[in-house]
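*Asks:* Sharing a structure below in C-alpha cells format, with a few things to ask.
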Amino acid sequence: MNWLEERLPGIGKVAEDIAEHPVPSHTLNIFYCLGGLTLLAFLVQCVTGLFLALYYKPTPEAAFASVQMITNEVRFGATIRSLHHWAANLMILLVFLHMLRVYYTGSFKKPRELNWLAGCFLLVLSLGLAFTGYLLPYEQLSYWASVIGAETAGSLPVVGATMKIMMQGGIKVTAEMLSRFYVLHVMILPLVTIGFLVAHFIMIRVQGISDPM
C-alpha cells in the first residue's frame with residue numbers, strides 16, 4: 001500500500017473510507033444482504049461465463065456440440081457450467097427478493113426514487129440475460145422457448161412486429177437469432193448491467209441506507 005500511496009497519493013484514504021464506512025445497525029440481517037448476494041451471483045456468472053466463452057461456438061451447427069464438449073470433455077467444464085446455470089437462477093430469485101424487501105420497507109421513497117428506477121432497469125436486464133442465455137445451448141427446449149419469446153414480443157402493439165424481426169434476424173428463427181442473442185448475452189447486456197450497478201452503488205453511497213419502517 002505504501003508503494004501505491006507514493007505513486008497515487010490519497011488512494012489509501014479512499015480504500016480506508018470504503019473498508020471502514022459505517023452502516024446502520026438495522027441492516028445487520030439477511031434481508032439487507034440480498035442486494036450484495038445478487039451482485040455475488042452476477043460476478044460468479046461473469047467469471048464462469050468467460051471460461052465458457054473460450055469453448056462455446058455460436059453457430060447452429062456447432063453450438064449444441066460445443067456445449068456437450070464443455071460438459072463432457074473440458075476439465076471442470078461440467079462444474080463451471082453448473083455454477084453458471086445455478087448462479088443465473090439464484091440471481092433472478094435474489095433480484096425479486098431484494099426488490100420485495102425494498103418495497104416492503106419503503107426504501108424506494110423520496111429521495112431514493114432514482115435508485116429504485118435503476119433497480120427496476122437492473123431487474124429487466126437480469127431477465128434479458130436469462131432469456132438470451134437460454135437459447136445458447138441450441139437444443140430443442142431452448143430453441144422453442146426462444147420462438148415463444150419472439151412470438152410474445154411480436155404480439156406487442158405498434159412495435160411488436162419490428163421487435164420480433166430484430167430478435168430473429170428475419171421472419172423466422174435463423175442463425176442470426178443465435179448470433180444476436182450471443183452478442184447480447186456476453187457483451188451488450190453485461191456492460192449495460194455493470195453501468196447500472198455502478199450508478200446503483202454510487203447512489204447508495206451518497207444517499208445512505210434507508211431507515212427502518
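For all residues, glycine too, the Cβ spot is worked out from N, Cα and C.
Sharing the record's features from Swiss-Prot:
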{"type": "TRANSMEM", "residues": "30-50", "note": "transmembrane segment"}
{"type": "BINDING", "residues": "CYS33", "note": "heme c binding site"}
{"type": "BINDING", "residues": "HIS84, HIS185", "note": "heme b 2 binding site"}
{"type": "TRANSMEM", "residues": "88-108", "note": "transmembrane segment"}
{"type": "BINDING", "residues": "HIS98, HIS200", "note": "heme b 1 binding site"}
{"type": "TRANSMEM", "residues": "114-134", "note": "transmembrane segment"}
{"type": "TRANSMEM", "residues": "184-204", "note": "transmembrane segment"}
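Help me understand the surroundings of these features in the structure.
*Replies:* Counting every protein chain shown, the number of other Cβ atoms lying within 10 Å of the Cβ of CYS33 (heme c binding site) is 15.
Remark: HIS84 (heme b 2 binding site) has VAL44, GLN45, THR48, GLY49, LEU52 as non-local neighbours, by Cβ distance under 8 Å and separation of at least 6 in sequence.
Taking the Cβ of HIS200 (heme b 1 binding site) as reference, residues of its chain lying under 8 Å away and at least six apart in sequence are, in sequence order, ASN115, ALA118, GLY119, LEU122.
Panel annotation: around the transmembrane segment (114-134), residues 45, 88, 91-92, 95-96, 98-99, 102, 107-108, 142, 145-146, 149, 181-182, 184-185, 189-190, 192-193, 196-197, 199-200, 203-204, 207 of the same chain, lying at least six beyond its termini, place a Cβ under 8 Å from a Cβ of the stretch.
Within its own chain, the transmembrane segment (184-204) is flanked in space by residues 39, 42, 46, 49, 53, 112, 114-115, 118-119, 121-122, 125-126, 128-129, 132-133, 136, which lie at least six positions past its ends and keep a Cβ under 8 Å from the stretch.
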*Asks:* List, by number or range, the same-chain residues at least 6 past the transmembrane segment (88-108) whose CB is under 8 A from its CB atoms?
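*Replies:* Cβ under 8 Å, 6 or more out: 31-32, 34-35, 37-38, 41-42, 45, 115-116, 119-120, 122-123, 126-127, 129-130, 133, 209-210, 212-213.
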*Asks:* Quick test of the contact rule: Cβ under 8 Å, at least six residues beyond the ends. What residues does that give for the transmembrane segment (30-50)?
*Replies:* 80-81, 83-84, 87-88, 90-91, 94-95, 97-98, 101, 129, 186, 190, 193, 197, 209
*Asks:* Can you give me the Cα-Cα distance between HIS98 (heme b 1 binding site) and CYS33 (heme c binding site) in Å, rounded to a whole number?
*Replies:* 8
